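Peer 1: Just passing along the structure, written as structure tokens.
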Amino acid sequence: MSQEYIEDKEVTLTKLSSGRRLLEALLILIVLFAVWLMAALLSFNPSDPSWSQTAWHEPIHNLGGMPGAWLADTLFFIFGVMAYTIPVIIVGGCWFAWRHQSSDEYIDYFAVSLRIIGVLALILTSCGLAAINADDIWYFASGGVIGSLLSTTLQPLLHSSGGTIALLCVWAAGLTLFTGWSWVTIAEKLGGWILNILTFASNRTRRDDTWVDEDEYEDDEEYEDENHGKQHESRRARILRGALARRKRLAEKFINPMGRQTDAALFSGKRMDDDEEITYTARGVAADPDDVLFSGNRATQPEYDEYDPLLNGAPITEPVAVAAAATTATQSWAAPVEPVTQTPPVASVDVPPAQPTVAWQPVPGPQTGEPVIAPAPEGYPQQSQYAQPAVQYNEPLQQPVQPQQPYYAPAAEQPAQQPYYAPAPEQPVAGNAWQAEEQQSTFAPQSTYQTEQTYQQPAAQEPLYQQPQPVEQQPVVEPEPVVEETKPARPPLYYFEEVEEKRAREREQLAAWYQPIPEPVKEPEPIKSSLKAPSVAAVPPVEAAAAVSPLASGVKKATLATGAAATVAAPVFSLANSGGPRPQVKEGIGPQLPRPKRIRVPTRRELASYGIKLPSQRAAEEKAREAQRNQYDSGDQYNDDEIDAMQQDELARQFAQTQQQRYGEQYQHDVPVNAEDADAAAEAELARQFAQTQQQRYSGEQPAGANPFSLDDFEFSPMKALLDDGPHEPLFTPIVEPVQQPQQPVAPQQQYQQPQQPVPPQPQYQQPQQPVAPQPQYQQPQQPVAPQQQYQQPQQPVAPQQQYQQPQQPVAPQPQDTLLHPLLMRNGDSRPLHKPTTPLPSLDLLTPPPSEVEPVDTFALEQMARLVEARLADFRIKADVVNYSPGPVITRFELNLAPGVKAARISNLSRDLARSLSTVAVRVVEVIPGKPYVGLELPNKKRQTVYLREVLDNAKFRDNPSPLTVVLGKDIAGEPVVADLAKMPHLLVAGTTGSGKSVGVNAMILSMLYKAQPEDVRFIMIDPKMLELSVYEGIPHLLTEVVTDMKDAANALRWCVNEMERRYKLMSALGVRNLAGYNEKIAEADRMMRPIPDPYWKPGDSMDAQHPVLKKEPYIVVLVDEFADLMMTVGKKVEELIARLAQKARAAGIHLVLATQRPSVDVITGLIKANIPTRIAFTVSSKIDSRTILDQAGAESLLGMGDMLYSGPNSTLPVRVHGAFVRDQEVHAVVQDWKARGRPQYVDGITSDSESEGGAGGFDGAEELDPLFDQAVQFVTEKRKASISGVQRQFRIGYNRAARIIEQMEAQGIVSEQGHNGNREVLAPPPFD
């Protein structure tokens, strides 16, 4: 070994030059600056003084102090998130400079310029990628100014995805320019790392210790002892020496075949230059090493390494070779053989070998009485020459049983090669008697023959490992000496230079393996040194004297076909042209060695054609036997309860028929039946008799050999399993057409079978009194029932019910004669409902709130308070959070502003605060009543639902005596908000679609339904959308049906105006000021038993014979769901009616609730707003809409889903309320409860206008005419010119009033409609002089 270099480990202190000292000192300072810069970047706080802001009132939070805060702010502003990489780049540059400080190479300025270009490309593209794909950091752009410029430039041109791809390409080019690395090299490095990781992982999972011999450790110890004195030997030399030693030992193993027998595993136990070794199965057929039929496990394992998958020297055909060695030794007299290589015999021992790990399960096949020839046991000694004794048959043997298919398959072109062999005669010489039995039981793929005495199993045969083995005495036999074959030494084959040569030679030899070469039948001749498998053609099958079973007629054909096929295919297993080796290699282990020919597994059809049965065929045979045993049954299996029920049903029917014959046709088994049922029963009886006749006819005409599953001539094939040659039932059977019953939609088809053939119940259309269900007619009793053979006719009329009723079973309820679906709403349904006993609906109809309430997280609120202070400090606003009020939806933070800070500054920053706090919306409350703080309302992370039941079940609602009490929801503190509609007195509701406006209106209606009786409160509901308020149709509180027509809505409002005038007259007569005082007077008169007569009644006003008396007047609530649609459709007339009601209707007990989703000034005019002070604003789209409703902003910042601002009466500050949620099921439940209490008593004439002319807009001319109308008519008829401007100038009135007068003239027919030029014609004649 050459002398190795030994590194000196001693370190000496050497002085640096002046330039080197200065350079290293400078590098140390730069590294310290990079560390300081990283600390400043990581501890950046927006509230610190920096380049982007100057006002600050807090101590500096940055670890770098004020310079660090300034520098960090500047870097973040320029580079964004890429600023964090700047300290890392600085440290990397210092390391590079320190490593290359001693190199005095020539400076390539072109390379330096390319590196500079690459650095610039990397910086720009990194910032651009961060700006496009990363989130912003603090209040800086994620890519800084550079990334913002690039992203704004690329996005209009390439979009975000295209810009990202373009920047990635430029970044890759910049990396190549800066580093000089090729992307091919980078890809190779990445691939190498991945492969190293996968290799390491796979090596860790594989048992590598099995590949190392025990001798290696000893050899390593020897090497260590030898080289113990070499203390300074390098690690590389030791690894190289170990590798050379392993290679040397591996080569020695290949040279020495007795060491580890590696060639036995790689080349099927043979060398390339050896003669062919012939291995036999237990039946004398040569075993293919790659044959899956004969590649079973060994009975015994050699003393080799059991964990070595490659070098254990055990071929897969060793069990077959051992069996063949013993078999050929005893069958030397059977037939002439050819010389082959001698195989060492297996020594006999007293104790039989253990059972193999894989036990083969024999497949039961058709039994036959023909004896077949079994191979001789292995322990029998060989006989000289060919002196064959007389064959003695003690017991007839059975046909070979095919092993179970899933374990293996035959590995030849012809699937079934199962020849018959002559049985071995009884020998007086005792050998290894147990070997024959063990060979037959253990190696089931080669030979599984048993006598009839042993084969005492039914059709479902037990596995082989469960069968009892015959116990025989085992005579002691001296083991024969093992003869080891001395093979010539040769160089090892496991060298890579011989692979191509071996592969070419092996391809030629393997191609000649499976060439079918017919062998002539040879005469017996003297035995040579080895054995040969006997020819199948030389041993014909012998007829047995035993009785042939009834199944032999069908099996015989398959048996003869199998024997013939085996005779033809016998050369497939012959050993002609088998002089070359048969290598057995493992794929993926070692080099690419010659591979054997792929084996084609026979198909199911090929196996079945030669009589080889599969597990599915055995199951089919089993089913066929069961079908033959149960050929007179219905073919379907039922449980005991179903069979008992059907038997009881049939007995009941027979009993009813007997009683009818005895007592007449009127007897119905103690159950009265109407005439229609009697006719249906008669038709059913005729259908049953007809079915029974057809069944007898088909069962009598069944031919003798029509049974397709008879086992007499059974020959199974995969195609026959799908066919059925037996008679089938007809597809269309004539059925007696029943009488159509008008009240029953469809009755199930009743099929009457014989008593011994019960039918299953059908779950689809089963009736309670009829447990049986349709069954295919004309069922063949001897034919097995299959699901595809049961045909039903959905297009034919259905048979009626049975002719009798069973008393113990309830009768099916008849459906109601209606065409309405049960899921459709029945408005005005007359079905009787159960009347509740309580005066008002129960709260159980509403959804209860959850019992567990999520606690308030005070720690999270404290964190949010600190964050609010920090965000306000970012906008140069000094404020402290002094308190917070958590609610179900939002949390209000009370801010104590610094002196001199205006609340308007925070209000203008509401959207910026929402963005910086990452919330949906922020509402600023400039004035909190009773507190000197400013409120900041933020939404909660987990929003809670406000249930209507928990608001109604409150003392504020229960203790309020007003029948017009309504609940709105909860405020921000979680307290319920209850209002009185009588004090409002009118309500205006506005909100966009989906804001919860309709849900809020439903909550108000339900709260009044839970508070008032129909005699206290009545409703007039106007629903132009025909969706929201139509669900209340039919409740007793309605004065009229829900109004959906716009003209009817105008008439309803006019009726309200007339009712208001009538009530004012009555109140003035009684001397009261409001409806409550009027009702008190009426109640007092009732207590005095002196009712008050109507003072304004005249005898011609009504048909009453007596003078009517005054009664209690209820409150009237007019609800308009979509006020804007009503205004746009009918026009300004509705505005006048609403304005009159809003002005005067409060004292008369008439209240308006107007809801709209378009809060514009042309819908909510100043006249309406002036008379409706109470308003509720849900989420609106803009501040303008918020000011239209509330006269102030704030509604645009609501969260939606019931979040509202409630401006109560006599108050200018709105209260934020979270509306109660009402489900549709709750609304329907309350409505149904009130419908069950009584019907509504509608008032006639509310939606009709009998005094107006058609199409006149529904105006009452006597009451709605202008005071100047008569004078204007006289003026127009005299001048014969109708114009708005003329009337305006003549009477000196406004334009709107003049236009109204002209429209009234048009309505009265005085003037015509406006023409295309704007002129009108005067239709009335001129006045008389």
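Cβ coordinates are placed from backbone N, Cα and C, and glycine is handled just like the others.
Remember, predicted model here, so these are calculated numbers, not experimental data.
Grabbed the feature section from Swiss-Prot, which reads as follows:
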{"type": "TRANSMEM", "residues": "25-44", "note": "transmembrane segment"}
{"type": "TOPO_DOM", "residues": "45-74", "note": "topological domain 'Periplasmic'"}
{"type": "TRANSMEM", "residues": "75-98", "note": "transmembrane segment"}
{"type": "TRANSMEM", "residues": "116-132", "note": "transmembrane segment"}
{"type": "TOPO_DOM", "residues": "133-162", "note": "topological domain 'Periplasmic'"}
{"type": "TRANSMEM", "residues": "163-179", "note": "transmembrane segment"}
{"type": "REGION", "residues": "184-817", "note": "region 'Linker'"}
{"type": "COMPBIAS", "residues": "437-448", "note": "compositional bias 'Polar residues'"}
{"type": "COMPBIAS", "residues": "449-480", "note": "compositional bias 'Low complexity'"}
{"type": "COMPBIAS", "residues": "619-628", "note": "compositional bias 'Basic and acidic residues'"}
{"type": "COMPBIAS", "residues": "690-699", "note": "compositional bias 'Polar residues'"}
{"type": "COMPBIAS", "residues": "741-756", "note": "compositional bias 'Low complexity'"}
{"type": "COMPBIAS", "residues": "764-816", "note": "compositional bias 'Low complexity'"}
{"type": "REGION", "residues": "818-943", "note": "region 'Alpha'"}
{"type": "COMPBIAS", "residues": "836-846", "note": "compositional bias 'Low complexity'"}
{"type": "REGION", "residues": "944-1258", "note": "region 'Beta'"}
{"type": "DOMAIN", "residues": "974-1187", "note": "domain 'FtsK'"}
{"type": "REGION", "residues": "1259-1329", "note": "region 'Gamma'"}
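Explain the structural surroundings of these features, please.
Peer 2: Within the chain, the transmembrane segment (25-44) has long-range Cβ neighbours (under 8 A, six or more residues past its boundaries) at 61-64, 67-69, 71-73, 75-76, 83-84, 86-88, 90-91, 93-94, 97-98, 138.
Averaged over the topological domain 'Periplasmic' (45-74), the predicted model reaches a pLDDT of 79.
Sequence-distant contacts of the transmembrane segment (75-98) (same chain, six or more residues past either end, CB-CB distance under 8 Å): 23-24, 27, 30-31, 33-35, 37-38, 41-42, 44, 51-52, 123, 126-127, 130-131, 134, 137-138, 140-147.
For the transmembrane segment (116-132), the list of distant contacts is 79-82, 85, 141-144, 146-148, 150-151, 154-155, 160, 163-164, 167-168, 170-171, 173-179: same-chain residues at least six beyond its ends, Cβ to Cβ under 8 Å.
Outside the topological domain 'Periplasmic' (133-162), and at least 6 residues removed from its termini, the chain residues within Cβ reach (under 8 Å) are 44, 46, 52, 76-83, 123-125, 127, 874, 916.
Sequence-distant neighbours of the transmembrane segment (163-179) (same chain, 6+ residues past either end, Cβ-Cβ under 8 Å): 114-115, 117-122, 124-126, 128-129, 132-133, 150-151, 154-155, 157.
Sequence-remote contacts of a segment are chain residues at least 6 beyond its ends whose Cβ falls under 8 Å from one of its Cβ atoms, and for the compositional bias 'Low complexity' (836-846) they are 947-949, 952-953, 1009-1011, 1013, 1226, 1229-1230, 1233-1234, 1236-1237.
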Peer 1: Which numbers of helix, strand and coil residues does DSSP report for the compositional bias 'Low complexity' (836-846)?
Peer 2: 3 helix, 0 strand, 8 coil
Peer 1: Apart from its near flanks, which chain residues at least 6 from the ends of the topological domain 'Periplasmic' (45-74) lie with a Cβ under 8 angstroms of it?
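Peer 2: Non-local partners: 36-37, 39, 83, 138-139, 870, 873-874, 876, 878.
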